[in-house]
Amino acid sequence: MAVFPIGSHFAPPHQLTKRHVIATSSPISISTRLPQNVSFSKVSGVTGSTRLSKHGVLVRAEDKIRSSSSPSSLDEPIDEDLMDSSGLCDPLCSVDEPSSSYFEANYQPKTDIIKALAILAAALTGTAAINHSWVAANQDVAMALLFGIGYAGIIFEESLAFNKSGIGLLMAVSLWVVRSIGAPSTEIAVLDLQHATAEVSEIVFFLLGAMTIVEIVDAHQGFKLVTDNITTRKPKTLLWVVGFVTFFLSSILDNLTSTIVMVSLIRKLVPQSEYRKLLGGVVVIAANAGGAWTPIGDVTTTMLWIHGQISTLPTMKDLFLPSVVSLAVPLALMSLTSEVNGKEQDPKDVLASEKMAPRGKLVFGVGLGALVFVPVFKALTGLPPYMGILLGLGVLWILTDAIHYGESERQKLKVPQALSRIDTQGALFFLGILLSVSSLEAAGILREIANYLDANIPNVELIASAIGVVSAIIDNVPLVAATMGMYDLTSFPQDSEFWQLIAFCAGTGGSMLVIGSAAGVAFMGMEKVDFFWYFRKVSGFAFAGYAAGIAAYLAVHNLHFEIPTTVAQIPFLTGS
């Protein structure tokens, strides 16, 4: 999924006091402070502070440090008036005196009035244009232009200083207004909108529930159960261990959370070096590969799963081997580099780890079980996956209320506080972009594009592979959503080669550029890695893994080879 870290909206560096990165001692804290002078956004852009973003689990790292960092973590003393009753730093602590002075010195009310008038004029112009008779007569062209303008605004969000969630919502509403004007009747447009809203809401509810569960587990430091068991200091061994731990962690969690957890770990284990950056690149590749082979591992596979293009067991069985190959090939190639073949890490350089929250193991077990139980719930009841995730959230909510009853100092460990930390603006962007794509589907535009591709590129493997490459540059959510609208289940049935390749390619293709996935963006911010370093050091390995994974998938299907799913199917155990 593409991210464009274009521009920054901070005061000039020479007028700001440089902030030092607060390095948490925890190997797994998602609240690791990111460098404030690195601007990057994935799906929801926020100016003025560094933020992570990836659909449902987006802008957390910067916000959570404000609630989890103690005043002693900062380089400069903090005014006691800026602290709450619990001693935690108020968000206003992040505004230093030089930046406040810069704001006061450069505040110009006239400029704000001009901006407001410009936005009002643009809104009135848009309203007049939509009501023009040309729009009704040329619905397809009008909607294509609107979508192109809106998508350009999303891509260049940082340059325009507009949040892409707002742009997405405006684009969605505008497209449906045009659709209602051009439809045979308003009633037909309303029915189409109701159908689209029902489908999109399932995904949004699922993501909100999953985000909250992960947030609760993280608040209890539950991921330490995984990361504390990584004790090796040998560079080559650590490379493979970090890669495959991230791979399996990402198959259950989202790839953003997995990346922050694992990058925080390697910052604890390895001092600042080229080798540590390379380990971070491995985390990005592994997080994207791990999310591609399970229905809950990546937002695009979740979309395909919820809408019925793929199912649980066939997807896991058919995509597991290609996903492993897409990770193993880069790991094997990286093992030959000089950075990996260095000396063993000195144990004295390892940072101390902070303690797990009370009942952290219990919360980790229940939270992980709630996520894994969702496919089982769907298979047992036939109900949509979001009902399963809401069931798990409800159980975890009651559990945390019970185990922290009467503990006023542990309110941050409860669900209401977790809900305040998850990124709802990312969910709103997701709502906007999917409603926008559904309007194009309702108007028949996506079907026309599909017919054009079928006529000119009849090879479905090539189409899926191209989507993966493009997803390294352009957001893969609208890409996959558009593909779902272009091809229905009558063209390609559930679990067909096309849909499985789409799931794999869209999930792993983003590893080829650091801005191509939320995992890469998180790594870029946490380790101060720039686009060109990643392109020189990691992109080639990621592309090799991507191509090898596609080749492995096609080879398995063309040779009709099946991965054994039971003991009886393993030849050397059955004597066959």
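Glycine is treated like the rest: Cβ placed from N, Cα and C.
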Residues flagged as transmembrane segment in Swiss-Prot, choosing from 132-152, 426-446: 426-446
Give the range, chosen from 153-173, 174-194, 279-299, that Swiss-Prot lists as transmembrane segment. 279-299
In contact by Cβ distance (the transmembrane segment (426-446), the transmembrane segment (237-257); 3 or more pairs under 8 Å): no
Recorded stretch that, among 279-299, 426-446, 462-482, 541-561, has the most CB pairs under 8 Å to the transmembrane segment (320-340): 541-561
Residues of the parent chain within Cβ reach of the transmembrane segment (379-399), under 8 Å, 6 or more residues beyond its termini: 202-203, 205-206, 209-210, 212-213, 216, 295-296, 302, 305-306, 312, 362-363, 366-367, 369-371, 373, 415
